[in-house]
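**Student:** Pulled these from TrEMBL:
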{"type": "BINDING", "residues": "A:T99, A:S100, A:F127, A:P128, A:T129, A:D130, A:T169, A:D198, A:H201, A:Y223, A:W253, A:T279", "note": "pyridoxal 5'-phosphate binding site"}
{"type": "MOD_RES", "residues": "A:K224", "note": "N6-(pyridoxal phosphate)lysine"}
Number of protein chains: 2
Amino acid sequence: MIPTSLDWCQEQDRNDPLAPMKDRFDLPEGVIYMDGNSLGVLPKGVDARIADVVKKEWGQDLIKSWNTADWINLPARVGRKIAPLVGAKPNEVVMADSTSINLFKVAAAACRMNKGRTKIITEPGNFPTDLYMLQGLSDFLGPDVALQVVERDQIIDAIDDDTAVVVLTHVHYVTADMFDMKAVTEAAHAKGALMVWDLSHSTGAVPVDLNAAGADFAVGCGYKYLNGGPGAPAFLYVAERHQAAVKQPLTGWFGHKTPFEFLDDYEPAGDIRRMLVGTTSVMAASALDEAMNAFEGVDMMVVRKKSQALTDLFIALCREKLKDHGVGLATSENPGKRGSHVSLKCENGYAVMQALIERGVIGDFRAPDFMRFGFTPLYLGFEDVYRAVEIMADIFETGFWKEARFNEKGAVT
Amino acid sequence: MIPTSLDWCQEQDRNDPLAPMKDRFDLPEGVIYMDGNSLGVLPKGVDARIADVVKKEWGQDLIKSWNTADWINLPARVGRKIAPLVGAKPNEVVMADSTSINLFKVAAAACRMNKGRTKIITEPGNFPTDLYMLQGLSDFLGPDVALQVVERDQIIDAIDDDTAVVVLTHVHYVTADMFDMKAVTEAAHAKGALMVWDLSHSTGAVPVDLNAAGADFAVGCGYKYLNGGPGAPAFLYVAERHQAAVKQPLTGWFGHKTPFEFLDDYEPAGDIRRMLVGTTSVMAASALDEAMNAFEGVDMMVVRKKSQALTDLFIALCREKLKDHGVGLATSENPGKRGSHVSLKCENGYAVMQALIERGVIGDFRAPDFMRFGFTPLYLGFEDVYRAVEIMADIFETGFWKEARFNEKGAVT
């Protein structure tokens, strides 16, 4: 039995080795923010850094800043900061574009490396943009390569000698179900398939070890647990062993061996920079660069332990306080098998979430009926979790959500 | 004969209807900035806007800002602001990704619309990323589609019944040579080919009328004459008549008809939003959005007239003051045939440009031997041009550039 008393929660906060980390962020007053899995909060220092980028680097120094502020190396520099969070070598990660575009690049590159194989495997209910990008890719590749969408419990059996690449999201965006990265990667490799992991709902919240898993490629998001700001640049990983051979189709000048020689013929950079395409937003990149400092000295195993404790507590509190309200758990009860968010299934989930947000508890809603709550150990405490469930219980008990429901014309379906 | 006296230049500045526009920008002190064709200066208001985006929209309001600050519609909103500068309808332009990625999307879409045709035509010496992206695309499309690189005076003859798409940059990034957009587009259409224009070195400096030219697709840059900041998002244009049919391969969730229903199957938005891919950086997009306000009430014909006067003056001054220094003009003498920058060919161009920069005249160098000077009528004046050439003449006469040359070990080849 997990203790669920307020006293116990407060004691956990007092003993929490990560409690001081909260000071690294500018949190809004009076809000319990449980949506860091969608958009991370503002790390301290980012506003000053961006003001400097705008007023000095851009406004005063203008094009000189490509060299003096080292804008040119931002993609690799930020990549090096992300690498340790995903178990990669410093030269295996680069910041670039959006998660969607990076997925296209690595999946296309994998199909090329496994030319002749006819299948891309993923799962239904994967994050939509992953499905969409793979649909676009297989459509573009013509009849030679087809996307096969396989239920997660049948994926390993579906991987065969015709499989070019398996593309999966490590932590599911709704259920938080987490794949065994090493086991699935090994199953793919056993059949000669390549493995792409989408780490969008993992990086910064769950320890990831791409090298130990033997992963070939990965992509991930900069604006969730990495707190890089809305629409922050994404990142991608290419295992060192593939870097000399990998060919991705978006061959832009920033992926060229010598972009500033302005040559007519494309020749890819010798390293992971060949995965770059065009010019990166320096503001967006600098925000993520600065945000990554919030992870300085943070042990991801300690983060994981707290994340599991917070999600365990949340589930126990929901079970205790919401038991009469028809709320179901859509996330695994086994803390080893879930990421750092929890989804509740609830018929009136949209309206209840609106009511929660009005009362300062920020989670989000995912169709058709999931309320999703993120647990970001660097800035969420145990008492926060207690208060959030207490408010949710009050919303159910007072029927407050029903009002919200009828105020939101047509929004609840 | 164009007058070249200082008095005349000062009088031009006094009579310049665009002179007050300079107040819309935060220019560094003591600098004559002639590189707005590479990176535009900081428009006033951008720093305050970005501070608000960071501290309030992100920091305080967090995910609510997708609605309350209308983040979700930034791509279309900024597109609508750019549209009048390129002769497009408000629903024909959208802000998205980088120029490179946009070029891939529209060129791929054009190849699909003209399926069965085997050629993509462009010119040698086009901006490198355009060549590289087209190389990547044709390579990816396999043996059915090949890139044909044709000298510019032979392009119209090269367009034939096998040509899927012609991709050209309206104003050349080195020479500033400007295509006759309407004539080339009509020649392409006469053979059933589609036309893609890269407007990176045109938009905001040269009047462009995509609708009048009958252009099919276009792409352009946000960080040059639009002053959107380093690595600002780019934009793309799809003629309204193509929007219902156009299919681009980077089918990300922001191009979906209903992205927030999180459906498994991609269905493109009914309008130009189908050209979007992933999440845009809100900071980068907001900077460009704010920067576009500098064009409020600006008549592009007045901009063009001043641009031609400034470039005429620069060429006349160079001819007068640099005549003994082996400097050649790499840009057309006909102001109707060039964009808004001028390139000088000069054996020691790299060292001379370094010396110019040291003395506060910021242009840039493009291999192998071009010094490039941009003329941005909203913030550059006639006296600025006079002073710039005066300083350049002094550099040649005192041999100052020779020192620069020897200080830059290995940089001059």
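Positions of Cβ are set from backbone N, Cα and C atoms, glycine also.
I would like each feature placed in context: is it buried or exposed, what are its neighbours, and how far apart are things?
**Tutor:** A:H201 (pyridoxal 5'-phosphate binding site) falls within neither a helix nor a strand when secondary structure is assigned with DSSP, and so counts as coil.
Under the DSSP three-state reduction, A:K224 (N6-(pyridoxal phosphate)lysine) is assigned to coil, being neither helix nor strand.
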**Student:** DSSP three-state call for A:F127 (pyridoxal 5'-phosphate binding site): helix, strand or coil?
**Tutor:** coil
**Student:** On a simple 10 Å Cβ count over all chains shown, which one of the binding-site residues A:F127, A:W253 is most densely packed?
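**Tutor:** It comes out as A:W253.
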**Student:** Return the maximum Cα to Cα distance in Å (whole number) over the record's pyridoxal 5'-phosphate-binding residues: A:T99, A:S100, A:F127, A:P128, A:T129, A:D130, A:T169, A:D198, A:H201, A:Y223, A:W253, A:T279.
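**Tutor:** Farthest-apart Cα atoms in A:T99, A:S100, A:F127, A:P128, A:T129, A:D130, A:T169, A:D198, A:H201, A:Y223, A:W253, A:T279 are separated by 30 Å.
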**Student:** Around the C-beta of A:H201 (pyridoxal 5'-phosphate binding site), how many further C-beta atoms are within 10 angstroms, looking at every protein chain?
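**Tutor:** I count 27 other Cβ atoms within 10 Å of it.
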**Student:** Please list, in sequence order, the residues in the chain of A:T99 (pyridoxal 5'-phosphate binding site) that are at least six apart in sequence and whose C-beta is under 8 Å away from its C-beta.
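**Tutor:** The list for A:T99 (pyridoxal 5'-phosphate binding site) reads A:T129, A:D198, A:S200, A:V219, A:G220, A:C221, A:A234, given in order along the sequence.
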**Student:** I'd like the number of other C-beta atoms within 10 A of the C-beta of A:T169 (pyridoxal 5'-phosphate binding site), please.
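**Tutor:** Its Cβ shell of radius 10 Å holds 26 other Cβ atoms.
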**Student:** What subset of the recorded positions A:T99, A:T169, A:H201, A:K224 has a Cβ positioned less than 8 Å from a Cβ of chain B?
**Tutor:** A:T99
